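Undergrad: Let me begin by handing over the structure; questions about it come next.
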């Protein structure tokens with residue numbers, strides 16, 4: 001009995017000791033840059049896709065509860081929420097085409113490419129599974145228990161895009177190239193600090209509005225996938241969830257939302273950099289060697305010179321005339337500040 005009590009106490013103490021160690025290790029892992037970016041892409045893509053696919057489910061299954069405008073709003077503001085969630089961590093790409101373009105243009109290391117793609121694909125796949133579980137009874141009632149890809153009771157379009165009857169494969173390909181190119185072109189404009197970017201704090205909303213505008217103006221032909229991470233993982237989910245191999249065979253469309261957005265985003269990025277980015281004049285660096293003290297600017301003194309006497313941060317400071325001229329007093333805040341060198 002004594003030995004058994006000792007063993008129990010030892011196991012309890014070991015568990016108590018090991019738990020802080022495990023938590024410390026987990027925190028160390030979570031603080032790694034790659035892990036944080038993976039989780040950011042995973043969660044932001046999941047949020048975007050849940051809102052987007054849910055709005056499509058309302059349009060397909062709900063009748064009066066959904067519309068094509070609702071789909072545009074669902075995806076647009078889903079993107080907005082995703083940007084708020086991961087914008088300062090990974091950039092909130094949520095789109096393999098955007099990740100590919102950033103790597104191809106040298107804005108991001110290629111070693112991060114698989115990390116971003118894996119996070120996006122897993123988030124999108126899990127979002128498709130979530131929508132399937134939430135709307136399962138409605139899907140079965142609408143389709144009569146038959147999970148079909150085409151026809152009047154088709155439900156596979158809730159999860160992935162399919163080419164409509166009025167379009168051809170190559171017209172659809174060009175449509176996806178153009179639409180994704182417009183997306184990347186406008187994204188570069190929205191985020192270009194040297195041009196006329198969205199105001200600080202409004203980028204997420206502006207990007208969401210951009211997705212809505214693309215949907216209401218260019219979304220009819222192909223469903224504006226614009227994103228391999230939006231189309232391929234949910235399509236694979238429908239394949240294993242009961243819709244079968246037809247999700248890949250229907251008009252041989254499945255590869256277009258994967259390849260065309262990559263080409264379109266890259267071309268859109270190149271066009272912006274060549275026609276817009278290269279023509280933006282660099283703003284001169286004004287007073288780059290000065291420090292700001294409330295409402296005036298005081299030149300930074302060389303380290304070898306003694307600090308000048310100051311009675312207040314706002315009083316004029318005189319520097320030795322051997323090295324620099326004296327500093328002029330700057331007008332008060334009520335007057336325009338003259339940004340000129342002392």
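Residue numbers in this text run from 1 along the chain shown.
Each residue, glycine too, has its Cβ placed from N, Cα and C.
Quantities reported herein were computed from a predicted structural model and do not represent experimental measurements.
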Undergrad: Looking at 38-61, 230-253, which one is transmembrane segment according to TrEMBL?
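TA: Within the set 38-61, 230-253, TrEMBL attaches transmembrane segment to 38-61.
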Undergrad: In TrEMBL, which of 149-169, 170-190, 296-316 is tagged transmembrane segment?
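TA: In TrEMBL, the transmembrane segment feature sits at 170-190.
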Undergrad: At a C-beta cut-off of under 8 Å, are there same-chain residues at least 6 beyond the transmembrane segment (115-139) that contact it? List them, or none.
TA: 34, 37-46, 48-50, 53-54, 57, 61-62, 90, 93-96, 99, 147, 155, 158-159, 229-230, 232-234, 236-238, 241
Undergrad: Which sequence-distant residues neighbour the transmembrane segment (254-275)? Criterion: at least 6 residues beyond either end, Cβ under 8 Å.
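TA: Non-local partners: 95-98, 100-101, 104-105, 160-161, 163, 169, 172-174, 176-185, 188-189, 192, 222, 225-228, 230-232, 235, 247-248.
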Undergrad: Using a Cβ cut-off under 8 Å, which residues of the same chain at least 6 positions beyond either end of the transmembrane segment (67-86) come close to it?
TA: 40-41, 43-45, 47-52, 54-56, 58-59, 92, 94, 203-205, 207-212, 215-216, 219
